[in-house]
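Take a look at the structure set out below.
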């Protein structure tokens, strides 16, 4: 009886062979990956329901649709799905069920209600005062479709400089929303282009000529019956993007557009009828939403990575190319050390990101509760942690996905694999929700405060305790580490501490040379980013380690220990620079780390397929011909290709119009 | 009078300000980039001609076309272009003119005659015997459209295991071409899907049951008049890909398809009417075509990188975001150290790749001549060099392009920038013409032979002289290097030598442990790849250095010296690991390298825009709203977006069909 529970009689023999080699029960691992058995079984149930309902399927591969077709198809599926939620007992706006259902039915390319669910409703929840709950009710019951319009053509991160204004007119008790310039147009919000009829517009509040900074306003954009843009509203789609083809990201220009006073969201700041402004009690309350989104991003990036890894590792087990021993027959490409090195450390990272994402989600939930009791400090701290995580994880996920794609050779380049969409969607995370360089600088601000505290022997919080811990050099050369990996973690701490302190000292030194605080900061920005990345990589390593300690199932724990061990070695080699610099590590120790890594590649290889199988993605959700569970790749690639729009006729129109005249002319000439 | 000759009265003031700061004459630099003044002026002339001929333009942005529209549009432009070649005095199949014309007219997304020009004709030239010249004549005069069909669904690099067979039938003096399995279908060849009516098919030659390995056969695929596939031929498009949307990459299945004996290309091997087989005189002759393609690839990757850099640097000079000094106004994002660090080292790499590409092209031409005289050794050597270059440069170009894209924030994600297409096209180079891991292993074979020779004090060739040179440690801390950068180059040599020797010793040690040659090689493959990369990075640094020495114009040389210096520092820091490992470099020296790098970022920043301007890409060729020469980005992004297919109606069909019923139902429910 195979420990890999996905093994099935119709499997490609090469995949079946891999599955029979599993040393752990994949069902147990699935429960770990999806946090518990209940979640995992619920996922299965949802996948099964989707499989049984053809009205939730695509009529053809999404790769074959035009954007207009995609947008319409996504609207069809999203509304059909919403209608079934009651019957399925799924809440439309929160939890894992709707997330998984959406991935199954819609995929990752976007749909017309996406921003309504992930931005519009949460923002209303966060900012509606008691007398404004009707907005939330209309949104939750799907009477309106909303979006969140913040970014402008000319402005992203720096909200203070947004150009859209909301000028209070006390006479009529209205706000006048206005886009004074081309660059002030709202630009990028998802579903703003065609689908939304409402938006939360972030605009600079102006009262009696005074600038009160950015605030949230609810604006109706389109007529509820005809869907035509209202007077004063210019709105449309911003055109195709690197990915997310079925999302109608939009632009919005407002021309002296009036909304009632009570359309400003007033839970925190208020404008009285006479124009009197009241400040919010806690400026830091606004962290919470960002932290929420970024903590989810870490898990989502792990899932994107796992999509890519599933395809790459399964395909590497059925693709045969070249012989290692001449005459012995072509081997699976997964047998090449280069292929193992390309994939297995990235698989380890995928698990590291997953477990880190789970951990920060749990911390967020705890801290959120504390905040309700008035404790806001930990949320501020989590803001810094998730800023660093967001930047580090999105960047590395891009690497995971592209390495996965390229490891599939030419076929990885085909849209039949879904790789380019996964990459496009994942890598967008480097830019949205705070551009990565800005995110790293955010964390660096915290780290510099921690470094300053450390100069007097103090720690700002448990997050940066390692800055003041007595540090000693440990040997990393044990062939059989003690399973606590404490020396590995110490090495991460050493690297992070050293870079943080160096960056701090350089900052002080630049200021001592006469630079202003801001100039010194800017001229130190690259070193600060390095510090943030190292701190974050330590954090991830620690969370991976912590999670593995909680695993009860022996065989699962054993293989996760191997993955953890590989992760720690790979990351330390990748950051060896910081460890060699001051001889924390010797060249010989580094060699041992490498030899250990090569050994781990061989050790993990037999479990590689089972480790991706355990994510338990259905073929439907994966949308990848190369990643099919059964491994029957080639015949299905052929089947997929035959559906290409270019194969609808045997002879393309370009032949009669252009190619034939050219060739006939040439033949005539040759006869002259 | 500005030294930047692209400065024009209608420039965005922020770009104009940058251009006025140029310290060198951009016309002089253009002549260096395009190798001489004549080439550069000819480029300008071609750009001008294209600008003046609307029949060579696209009716709308390529991003708005379906694949069918793109393929037809590309056929229209390609055939129109071909017709004009005589009038323009441009040769259709070789030289820079046709390359530049194609980039202007078609862009980089492919066209129906592309493989005809770059693979079909060169292969005929290389393999036609005297009695087969009619194939070449038909191809050159465009009476037929050919492609090159080698890769199969189940087989790429390992040609010996191709499954397509060509069985000689002496009775009829024909070859029977046959695809015995699904995996034996030809898969991927460009233009095979719809456009080509001929192909060179690579198939295993079988005579009397004996396998003679892969050979080239000319097969007509489609009827010349009707373009219908001939009997025994199944052919079609393989569907959409990550990029190259207007290229009809295809599949081909041959069912006992007969061709005359003289359709096997017989310049090298021959099959006599009675089936007697004659071997080619030089097995290594076949290197030449691969070397040719790969040496061009290096330059092309530099050009793709320069496209991306042009957009990123120009946009970074007009995008303003955030204040460095509070209250002093928002700064150009190029003023942030993080942005400079993201872009300028990549710009230096772009120049490094360009000059390396020029150098190997010139070496190729010389060696090609020598080969005609029977000297084949240097071509074999160049094969190894270009294998390493191909792998290293394509990988790093991907990094250059993605860093460029992300440096543009959200707007970089829009197809209005062309970034995603440039990335998709450039990164394909990691996979085609020999997958990168395989390429690095090729070079490693040469390096291991060189390492073995070095153990007895011998050098295989000037390429690996540094393996036997007396090596000493140099100080890299001079604040004012002597402009020979000899210490920098020594450090590259040190790193490469050390890794090559270490990899060699590890290989020997694995064999001594009892592994077979092949097993030892496989278990050492990652270390071998590291050796190949370091050797190649040394080669690139050396070629960049060599080129700068030839520059006569003082101001151009000065800024190129700065770029070279930045490149050397950045690369050495990037590979510091290898230098710190055995204390070639101390932590303090590394610090100096970094400080020097930060200083160079500031020094180069004022020339950044002028350095990309000097590539002299027309807006038409660049196809990037963000990269426009005049910098008027925002109004043109808006204009571009308005053309989105989704903006053809104010209200999308999805509203009436799906969104309205959902909302109306919800409103009814709420009233109950």
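Yeah, the Cβs are placed from backbone N, Cα and C, and that goes for glycine too.
The active site, proton acceptor feature in TrEMBL is assigned to B:433. A coil conformation is recorded for residue B:433 (active site, proton acceptor) in the three-state DSSP classification, outside any helix or strand. Close to residue B:433 (active site, proton acceptor) in the fold, though at least 6 residues off in sequence, lie B:290, B:293, B:294, B:297, B:390, each with a CB less than 8 Å from its CB.
Long-range Cβ contacts of residue B:190 (FAD binding site) within its own chain (separation 6+, distance under 8 Å): B:110, B:114, B:115, B:119, B:147, B:244, B:247, B:248, B:249, B:250. Taken from TrEMBL, the feature FAD binding site covers B:151, B:190.
Predicted-model confidence for the domain 'Acyl-coenzyme A oxidase N-terminal' (B:25-145) is 95, expressed as mean pLDDT. Residues or ranges marked as domain 'Acyl-coenzyme A oxidase N-terminal' by TrEMBL: B:25-145.
TrEMBL lists B:287-448 with the feature domain 'Acyl-CoA oxidase C-alpha1'.
The domain 'Acyl-CoA oxidase C-terminal' annotation in TrEMBL covers B:488-664.
Following the DSSP three-state reduction, the secondary structure of residue B:190 (FAD binding site) is coil. The Cβ of residue B:151 (FAD binding site) has 21 neighbouring Cβ atoms from other residues within 10 Å, across all protein chains displayed. According to DSSP, residue B:151 (FAD binding site) sits in a coil region rather than a helix or strand. DSSP places the residues of the domain 'Acyl-coenzyme A oxidase N-terminal' (B:25-145) in helix, strand and coil in these numbers: 87 helix, 0 strand, 34 coil.
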